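Features as listed in Swiss-Prot:
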BINDING   Asp487, Asp493  Mg(2+) binding site
DOMAIN    553-612  domain 'KH'
DOMAIN    622-692  domain 'S1 motif'
Amino acid sequence: MFDKHVKTFQYGNQTVTLETGEIARQAAAAVKVSMGDTVVLVAVTTNKEVKEGQDFFPLTVDYLERTYAAGKIPGGFFKREGKQSEKEILTSRLIDRPIRPLFPEGFYHDIQIVAMVVSVDPEIDSDIPAMLGASAALVLSGVPFAGPIGAARVGYINGVYVLNPTKAELAKSQLDLVVAGTSKAVLMVESEAKILPEDVMLGAVVYGHDQMQVAINAINEFADEVNPELWDWKAPETNEELVAKVRGIAGETIKEAFKIRQKQARSAKLDEAWSAVKEALITEETDTLAANEIKGIFKHLEADVVRSQILDGQPRIDGRDTRTVRPLNIQTGVLPRTHGSALFTRGETQALAVATLGTSRDEQIIDALSGEYTDRFMLHYNFPPYSTGEVGRMGAPKRREIGHGRLAKRALLAVLPKPEDFSYTMRVVSEITESNGSSSMASVCGGCLSLLSAGVPLKAHVAGIAMGLILEGNKFAVLTDILGDEDHLGDMDFKVAGTTEGVTALQMDIKIQGITKEIMQIALAQAKEARLHILDQMKAAVAGPQELSAHAPRLFTMKINQDKIREVIGKGGETIRAITAETGTEINIAEDGTITIAATTQEAGDAAKKRIEQITAEVEVGKVYEGTVVKILDNNVGAIVSVMPGKDGLVHISQIAHERVRNVGDYLQVGQVVNVKALEVDDRGRVRLSIKALLDAPAREENAAE
């Protein structure tokens, strides 16, 4: 019934198994990948017919996590999985990025990849199995795909690279890097690091690429065994006559456009060139396919002009050489009521970054397959359409915005203070107000500045820079601080963030094969030069953390014995609610007895802290207290005196005065304030007090007689 094929190989410390022919047989190809107890089912479906008018490659990648994979039932009212989580979106992008450039130009057939996590080992992340499964399934589907690709996670522990580290190993690692590529070239890198030198980062990329050859060879052997039927697809031939016509109509205008340094004016000139082509070559009778072909030729001409100018040593689109960073403008404290803010402008790219400080209650609760955890630092990136001068829909953040925000967050994680040194929850929002290249790296710079503006004691300043590459044969140019057009028309997008001491985040997307280690080395060195230049200007604008904003909450931390937690909370929360209401504070109590008080003023925080100290304080024997009589006991036994909140003691009738007391009421009244001395605290916590001990003893009778 099943034509099942299985391939097993050792990958680092894990055993990987590829299976096909048993599940999802109606898909073009389906592969079940197991790595330890983590299992991912990847299915590829295709459309043999191209949709009418299609002029781009419609690749869709969806990575989905099923809660049953971890033996859990979804929360919420509907008890089923809902919209994609941030982890699902980021992993979908991770699969998409190295695969997309391996499809041939002109291939416009629908391809859908669905990677579904059906079993999860908490120690083994499902992203690497999902990437390997997508690679294998594409090869088995027979589509024109220049793969397979391999993927590897690389850690760096005690100076040694570790292949596919477990979650426990990653906790000790200075690096979390995912690299993907073919047998010949690296195509994608995504990483975060704890301020590592460039040579260590590059070494990790090379190490990961070397190690993934095992996976690539295994997928090739797997495909040879399955022997899939390959598509009979041929790339459309270039219509040289049509190319010549388009070049004749628009070639010179395109060249003129790319000499204009201002983005909007340049776009207007390119629109003028395209209008001339449309008017001359596209009529009402022209079918959509032919119109798309003409549009594609026009786009190729744009790319050829920009690329040839740069490789010939001419100035770039905006007049810069290959190593110059655009002019910078840095302002902080631009929004008066926010906790911290910065406006970071680099040429025609601008980010308004705003930092907000909160308490532990503001931490993000993340219900992951591996278990629930909280996150004290959030960075959200917004890319409104007006940032590029366009009209567009506003709505939920798109995959690109989620990815850019995650990259900027990774860049800043290494310099955040420890929770015990700075107990605030931190949120940074980066509003991209202008965009012409590398808005994610502007978010890194702006995010760092806004945190410093908010008074966050960062370990160091962090800056980011985006690099580009143009490669033709043996000629190449590495571009510092790329523009949007250079990003679209170039062969590599290479983003590096870090401090003066090293790299904190590295992201690389390569569109071609042939990027060597030497080219990556040059790009990293050039990026460091630019990063140090930006850091100098950032430090000149903000040398260190500013004073905490008057509008930010003040946090006060104290520690009490765990057995006192119940007293602070009170019956049904009565005591703690009373303290928060009276002082206007917010109080969080951890299980270990750590109390965090959030207040709008120093006075309110001190008042709440004093109340808690009073509740948790112990009565000390021999100490004198000012107390209030709260009750006169029956039968003339004595009186109960409150010496501190929740702490009462007995003043026995014999301890009221030196003389004989016949009636307690003659000496004490409810509400009366008296000074008492603590005589004893017994094993049950009962307190004996004395008023008499503080009174002068009467003179002896013989002394009186004299």
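Each residue, glycine too, has its Cβ placed from N, Cα and C.
The Cβ of Asp487 has fewer other Cβ atoms within 10 Å than any other of the binding-site residues Asp487, Asp493.
Broken down with DSSP, the domain 'KH' (553-612) shows 32 helix, 16 strand, 12 coil. Summed and averaged per residue, pLDDT over the domain 'KH' (553-612) gives 89. Here the domain 'S1 motif' (622-692) has, by DSSP, the following mix of helix, strand and coil residues: 10 helix, 35 strand, 26 coil.
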